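Read the structure below first, then the notes.
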């Protein structure tokens with residue numbers, strides 16, 4: 001282009017930079033939102049609208065956020081922002097889980113000696129540390145662009161929350177659901193505490209697998225015979241009390257070549273056991289009915305002085321092992337029940353740290369003080385020396401681990417507090433039946449987990465948590481009733497939970513129970529009891545937020561965790577589900593599908609990511625994934641997302657630049673050309689689909705729809721052909737103002753559909769928009785009503801135009817390849833329409849819309865025409881002179897420089913300057 005005419009073109013200008021520099025701009029917007037209370041102002045605007053509550057599951061307040069936190073909160077933020085712009089009052093009250101072992105451990109690692117200080121002093125350090133962690137995580141969530149007020153949050157360590165929890169405990173007690181009993185439960189030596197089922201994860205480990213022979217005694221029928229048992233926990237053998245058999249299982253007495261012993265095992269397992277041990281030439285002497293084995297005495301495989309017997313066991317099968325099961329009542333749930341049925345007291349000589357206690361000293365003093373797992377070698381060696389070890393090998397199998405420490409747990413019989421779920425199980429399952437879930441299979445999964453759940457172990461042997469309110473006399477017998485419990489909780493309401501750990505028991509007892517030397521319970525409530533009470537606590541603090549809440553949204557690891565505990569607590573408290581809809585998302589993995597771990601070095605730090613590429617890129621990644629499945633993230637994926645972001649940003653930048661001189665009050669046009677109307681129809685269709693996708697939580701579809709619309713409907717079509725109108729026509733030209741009107745609507749459409757996702761970028765867009773009607777922040781707006789609807793005949797016609805456009809583009813591409821033309825504006829396009837599309841001849845400005853020099857509709861064609869979808873096309877090169885201003889080719893130019901249209905525009909510019 002000649003420099004002579006460059007300044008006469010209306011090239012749009014905007015301060016909305018091509019380079020995003022998100023890491024520099026985003027913190028400024030976050031500060032702006034917080035300082036100006038944008039979230040609270042939006043809630044105020046929405047206060048009379050329908051309430052929508054997405055109840056935030058509390059992350060644990062320990063350490064920095066990981067990518068899973070970012071995924072979870074960003075998904076919630078999408079929903080909260082969308083609801084607040086589409087007719088709802090949707091508060092986002094974020095929560096934190098702040099009690100329990102990890103915080104105790106973190107404080108201890110800071111050099112604090114828990115045993116050298118009072119319980120209250122240690123608890124105060126935990127309290128201080130937890131609040132510091134909450135503050136740190138809140139700042140990090142703020143960096144990711146969450147729409148919330150960080151001063152309006154719930155934290156499980158606050159007095160009001162703890163009291164809500166204790167009142168729930170009281171209600172459970174009043175309903176007869178709370179009890180204390182000696183039971184085998186999951187015990188974590190690494191945490192030194194009981195664990196609930198929800199706190200268990202499974203990992204593969206290698207364990208010793210041993211077959212052991214136990215000598216039968218006092219039997220004429222089974223002389224010189226051993227009962228075969230099998231176990232992967234040799235350390236439990238010192239505690240063996242019984243051998244259990246199945247009542248419906250057939251057993252056999254066998255003779256093995258080169259052995260002076262006979263053996264008894266399940267008939268169905270002879271081949272498997274023989275193969276595992278390495279026996280050959282096994283002879284079945286006779287089959288034995290199970291009842292004949294009941295009461296049979298045997299010598300303990302480790303201690304000759306200990307005699308035990310064979311009993312029936314409900315859990316014994318002939319699918320694996322030997323069909324005879326070693327029973328140690330202190331280390332297994334079924335073992336405990338069988339021992340109880342046979343009037344045998346539980347025996348569990350293992351302490352809180354997993355070490356053998358002096359309870360074993362009479363039988364085996366060598367084991368006292370040893371860690372249970374370290375005794376396996378000693379025990380198997382003794383069995384071998386005593387000729388009781390038939391086979392030792394190692395097998396890899398799935399084994400329960402502590403979900404926090406990632407170390408193995410054991411079943412251990414201890415006195416614990418429980419919630420009896422049997423009386424409320426049907427109510428719980430009925431409530432599950434009434435909820436909606438996303439994905440659909442989630443309801444069945446939650447139902448199954450709750451249906452199979454046994455009584456809830458709610459006590460923990462820790463210090464940092466909500467105390468269990470109970471008392472004991474000098475004989476350690478429990479002293480508790482409704483009067484005592486209510487009095488104690490009322491006292492704690494006055495003085496706080498720390499007082500439970502510092503004041504005498506009498507301070508919490510009614511008058512008639514004082515001065516009786518009663519002792520307080522030392523255990524605290526399970527942290528799942530804490531977080532599972534959150535919906536109740538929130539409903540009490542904010543009466544306008546009524547149960548059940550509209551939605552819970554957490555990772556798919558919460559079916560056994562928060563989803564589960566919340567449903568139990570809410571059902572017991574108010575016989576209602578805490579949520580109407582339950583939504584779960586998958587876990588984050590690297591690009592190869594591997595779980596993220598420090599050892600693999602494949603983790604993604606969301607804050608480092610935001611401070612490098614920008615939080616909006618991370619948020620766009622979240623939107624792009626199918627969150628119901630596991631989400632992959634890595635360099636290549638982020639590269640693709642960044643490219644998508646650039647396309648969106650550049651499209652918006654073009655629109656902003658070309659609205660720079662547009663005043664919506666004076667320049668907005670209601671009468672538009674047909675192509676403008678068609679563009680607005682596509683806008684409405686697109687926006688409706690996006691809104692539906694948001695409503696269905698299909699954010700990946702939102703992402704796909706946006707990218708298709710930006711690239712195909714806007715960049716490759718409408719924005720492409722209107723450039724000449726915007727740049728070349730005069731400023732106040734009607735056609736130019738019509739196009740700008742469409743751009744104005746397109747921009748607001750993009751603002752609405754992208755506002756929940758690209759929260760910083762859309763704020764930047766809005767701040768750079770030339771609009772006299774602007775409010776303080778884009779996040780105070782509701783979605784703009786954009787209902788551009790036209791009759792079907794009109795839409796069908798323009799759908800056909802778009803097909804013809806594709807035909808022309810195909811012909812142009814072939815012509816470029818054949819060197820007929822270089823650019824589209826050189827092309828003279830001759831078109832023979834198929835008969836049913838003849839009406840397209842009447843469309844105005846097709847050459848401008850198709851960005852070609854001219855279009856001729858013809859009736860006759862020859863072999864040089866190319867057959868396309870609805871037409872036959874021939875492209876020729878326009879011969880003539882190129883206008884130095886608009887670059888279009890004409891037969892004649894004024895002064896051999898510019899076309900007539902450009903000349904008129906330039907003249908009007910000169911006249912305006914002179915005025």
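Including glycine, each Cβ sits where the backbone N, Cα and C put it.
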Annotated stretch (motif ''KMSKS' region', per Swiss-Prot) among the listed ranges 580-584, 585-589, 590-594, 595-599: 595-599
Motif ''HIGH' region' per Swiss-Prot - which of 37-47, 48-58, 59-69, 70-80: 59-69
Residues in the motif ''HIGH' region' (59-69) grouped by DSSP into helix, strand and remaining coil: 3 helix, 1 strand, 7 coil
Nearest of the binding-site residues (883, 886, 899, 902) to residue 554 (L-isoleucyl-5'-AMP binding site) - Cα to Cα: 886
Beyond the flanks of the motif ''HIGH' region' (59-69) by at least 6 residues, Cβ under 8 Å: 96-98, 100, 102-103, 106, 130, 133-134, 136-137, 140-141, 144, 155, 555, 587-588, 596, 603-607, 633
Non-site residues, in chain order, whose CB comes within 8 A of the mean position of the CB atoms of 883, 886, 899, 902 at Zn(2+): 728, 884, 885, 887, 888, 890, 893, 898, 900, 901, 903
Per DSSP, three-state class assigned to residue 883 (Zn(2+) binding site): coil
Stretch-averaged pLDDT - the motif ''KMSKS' region' (595-599): 73
